[in-house]
Amino acid sequence: GTSVDFSINPGGWSFAPLITGFGLSLVAVFWAFDGWNNINYVAGEIKDPKRNLKYALILGTAGITILYVFTNVIYILVLPIEKMSGVVSVAEEASTFLFGTTAAGLISAMILISILGALNGAIFVGPRVYYAMARDGLFFKKVGTVHPRFQTPGFAVLLQAVWASILALTGTFEQLFTFAMFAGILFWALAAASIFTLRKKYPDLPRPYKAWGYPVVPWIFIVALSVILLNTLIKRPVESLAGVGLMVIGIPVYYIWKKR
């Protein structure tokens, strides 16, 4: 059998860099999980969303979590930490070690197909946001139209393709996901904070689902995300401020469109 040493030698370690580094790594982890909430944007196209939406969110997120943990356990069992450090494609390294070069190539192709599947979900969901904004009078009217033959928001899809292409040319992969996730994490925190506002302002509003552990769990969620945001802002100020700047630009644009 194979033994794995999980012991940690603290000699020469400094606690603060470990914590800040862990906080930054969580941004990358969040990027890997990002999309868990995308189904909310297409709830209007789901049969019986009141029943099916919660199951899709819970089972989908749980399934991906189990898959990710299982995959990373395999990496740790197969490759030493030093071998994974600085390697872009850990999956290919592990596959080569286990099955050889030919099989590793096939597994890499399967991973590529999986990535295309994830992209398909993003392409499906993202334009629905622009489409909904246009239908509410907060964006170009043309974006709120559907293709006469395919019945899809064609202009919204085209807009997302152009915007994604521009972003792809503006920085490295790490810079882009830090930029995107800083804004995403901020909105997660704001969404959780809105629970308190909604319960106070609209106490009689129908609630098919109530937040578990309210108010403690939402507060823990908000505080944890706030710490991660602060750490990211300190350690990656350029990417963080770029995300904030884009959102700030959107505020006057929103009010200008609202008055039209």
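Backbone N, Cα and C define each Cβ position, glycine as well.
Annotated features, as they stand in TrEMBL:
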TRANSMEM  12-34  transmembrane segment
TRANSMEM  55-78  transmembrane segment
TRANSMEM  98-131  transmembrane segment
TRANSMEM  152-170  transmembrane segment
TRANSMEM  176-199  transmembrane segment
TRANSMEM  211-234  transmembrane segment
TRANSMEM  240-257  transmembrane segment
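Residues 27-28, 30-31, 34, 167-168, 170, 205, 211, 214-215, 218, 221-222, 225-226, 228-229, 232-233, 236, 239-240, 242-244, 246-247 of the same chain sit 6 or more residues outside the transmembrane segment (176-199) yet have a Cβ under 8 Å from a Cβ within it.
Proximity of distant same-chain residues to the transmembrane segment (240-257), defined by a Cβ-Cβ separation under 8 Å and at least 6 residues beyond the stretch ends, is recorded for 137-139, 178-180, 182-183, 186, 229, 232-233.
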